[in-house]
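Per TrEMBL, the features are:
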- A:61-82: transmembrane segment (TRANSMEM)
- A:112-137: transmembrane segment (TRANSMEM)
- A:ASP185: active site, 4-aspartylphosphate intermediate (ACT_SITE)
- A:ASP185, A:LYS186, A:THR187, A:GLU298, A:PHE345, A:LYS368, A:ARG402: ATP binding site (BINDING)
- A:491-501: compositional bias 'Low complexity' (COMPBIAS)
Amino acid sequence: IEIEEQYPLSPQQILLRDSKLRNTEYVYGVVIFTGHDTKVMQNAMKAPSKRSKIERKMDRIIYLLLSALVLISVIGSVFFGITTRDDLQDGRPKRWYLRPDDSTIYFKPTKAAISAILHFFTAMMLYGNFIPISLYISIEIVKLLQALFINQDIHMYHEETDTPAHARTSNLNEELGQVDTILTDKTGTLTCNSMEFIKCSIAGTAYGRGITEVERAMAKRKGSPLIADMASNTQGSQAAIKGFNFTDERVMNGNWVSQPHSGVIQMFLRLLAVCHTCIPEVDEESGTISYEAESPDEAAFVVAARELGFTFYQRTQTGVFLHELDPSSGKQVDRSYKLLHVLEFNSARKRMSVIVRNEEGKIFLFSKGADSVMFERLSSSDCAYREVTQDHINEYADAGLRTLVLAYRQLDEAEYANFDRKFTAAKNSVSADRDEMIEEAADLLERKLILLGATAVEFGHALRQFSVRSTGVGVSARRDARDLHLPPPSQSHSHSQTTST
Amino acid sequence: MPPVNSDGAGPSSGEDGSAAAVKKRNRPKYHRFTQQELQACKPILIPQTVILVLVFVGLIFIPIGLACIAASNKVVELVDRYDTKCVPRNMLRNKVAFIQNSSIDKTCTRVFKVPKDMKKPIYIYYQLDKFYQNHRRYVKSLNDMQLRNPKKVADTQYCSPEATANGRPIVPCGLIAWSLFNDTYSFTRGHGNETLRVNKDGISWKSERNRRFGKNVYPKNFQNGTLIGGGQLNPSKPLSEQEDLIVWMRIAALPTFRKLYGRIDMDLQAGDRVEVTMQNNYNSYSFNGKKSLVLSTAGWLGGKNAFLGRAYAIVGLACFLLALLLALLYFVFPMREEHLSLHYTPARLVR
């Protein structure tokens, strides 16, 4: 009997709007959740026309002038009617030079009311110059020139991304600079969305001689200029690589081969190069590889592995391809790993794992995650550098760095086959507790891990680039409750409001 | 412990930083105009500067005002209203009947006493009150092409109801020409023994004689209708030489106006007795208007008009008073140091 293979359908397979499809040769199309009742259709509405304060003020002025025009015309017409009626008294003209006895409807004394009404329209046309319609044209020209100045502004040019200011429409030029308060829920949000690999701990040995911003600030406060000067000298010597601020001669340029724990270091770097969901992009002209990642720290890890000899250069649906530095021969060797399963990171699990099969047929589980969940999953037999690594992690946290613990395990065929059956069955189920079944199956496997080390990543702090004094913008941030292990506060600390257009 | 991954982080590029240093194609070029760094004058108004400017304006304006008032005071002006006094006593209650009865003699004699010496030229004006030459029907009732071009005699398009008479076009047509002012004045000095000749040459604008009224356009069929509104015209003289008509057809903007009648090219001494013999022909009684005769000399600013001088003097005086007020306020409430420094309080970083 031929068993039909089943594929799980999960939110990963849903292509939302503006999604990009990569590494896929063909797809089966399934249409689900369409129509006007969906959230995306209900949110689709016509964008409101934006009008600036100057235009609204101009509208009010013109309405005022129009009212004055109508008032003047009405009063003038009333007096015109009265005097026109008085021009003929008992058949004898008063203002004889106007010939009221021989008159058209516009000036007829016997029908003064009609003459007054017609005079109203005449007055409206004669006094129409009160309304400055050309003012709109003048304002539009001024805004156009202002937009050209905005596009040419050097102070609004971003050096890093080579992006100048671009005013796409000149409607809201004068609304620039209206932000006076930025509200955030935690300080971590105010970053540049970039992270730098700066330190790591492998097999109980700390690597990385960089100085973090927090350490530099504390050194300045204590009054020891030696550390600050050393950091500035070191940074100036080498070319800056985005996401990589690591300096240690013991492991760079292939020197990790001669370290005492070179096997652990090799596995550490291999884990960094394999355990991620990045997609490489090779530049056609220069041949350099850049990485598209879901989070900036994943990109920092892959860049660090590349700089230390493990270059991740290709990904397919089922495989990951590296250039590895072979310790025995000292050369770059091409290696591929068959990607069997990916256990994704989420806020509950706080860890991410991949299950791969190397070219020799061995199956490995590579895992990285927070130390609070990773240390309890380590194998109890291997305790050589566990406490030293914990000390390193505490030091990194004090220096303002974010840390991850790296561990791995080798699986045998029977164990993997059992996991594969359970995991696939959980994924294919459509019951309400599907997520719990998936997590339970993954939890059985992420046990008895072998500790490799920890990584330390520094945020690129955007607050440093804010010049709060010159811009006058206030920043109000509520500290994250989880950072302090405190219950969430009953009231919000933010009282100011943000003006927005 | 901080969270492992930042929430909502988008795709992050791990590109080499050295490659970005090469391409700066999008950087705007520096130019002082595009960066809005040109030199500019930004005056800061401090009390000393403002007080000095106000005093300076006052020092300039008050002498100008006084000079204008003095020039106006030098002008000698005699005004005589005659519309009521020239009606016979038995017809004071029915002035319209008097003016419309052509069989009654309209001659009237008025006497001027010259209070001060009047240097030549002495201008003769007639003044009308409550005559609305600015009425829209009156203003539109003429045809400029007809006044200028002898081939356009039949162009009476806007001239109704005075466009044709007895089926033939009127030249000049329209209500303005039809209501031409027709009072006349003659002057003698002493007790009838010396006639003062009235010079009527050049009382109209030269541009109107040359361009607006044609040299080959002659009055035709004028005042031939059932109603006669004003004066007659000499059919043998072209319109460009009928200066009374040209003066009358320069429309006044306000209901009270003066128009030039002629000039006397002789000096009048203080104490002279000038006798005016006038023909009171024009009807100002229907609309309860007034008629006056004006004799006036002219200064370097024109006729007798003190408005400009008073305006200058009042503005100068106001500037002086404002400067004095500012000086008093400055001494009573002296400025402190922080009022003069330009700095902004930075917003506090709330955490």
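In case you wondered, yes, glycine gets a Cβ from its N, Cα and C as well.
Just so it is clear, the model here is predicted, and its values are computed rather than measured.
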Name, in order along the sequence, the binding-site residues among A:PHE345, A:LYS368, A:ARG402 with a Cβ closer than 8 Å to any chain B Cβ.
-> A:PHE345, A:ARG402
For the transmembrane segment (A:61-82), what are the same-chain contacts with Cβ under 8 Å, counting residues 6+ beyond its ends?
-> 112-113, 115-117, 119-120, 123-124, 127-128, 130-132, 135
Residue among the binding-site residues A:LYS368, A:ARG402 whose Cβ has the most other Cβ atoms within 10 Å | A:LYS368
Identify, in sequence order, the residues in the chain of A:PHE345 (ATP binding site) that are 6 or more apart from it along the sequence and have a CB within less than 8 Å of its CB; answer 'none' if there are none.
-> A:ARG351, A:MET352, A:GLY369
Cβ-Cβ under 8 Å from A:GLU298 (ATP binding site), same chain, 6 or more residues apart: which ones?
-> A:HIS276, A:THR277, A:CYS278, A:TYR291
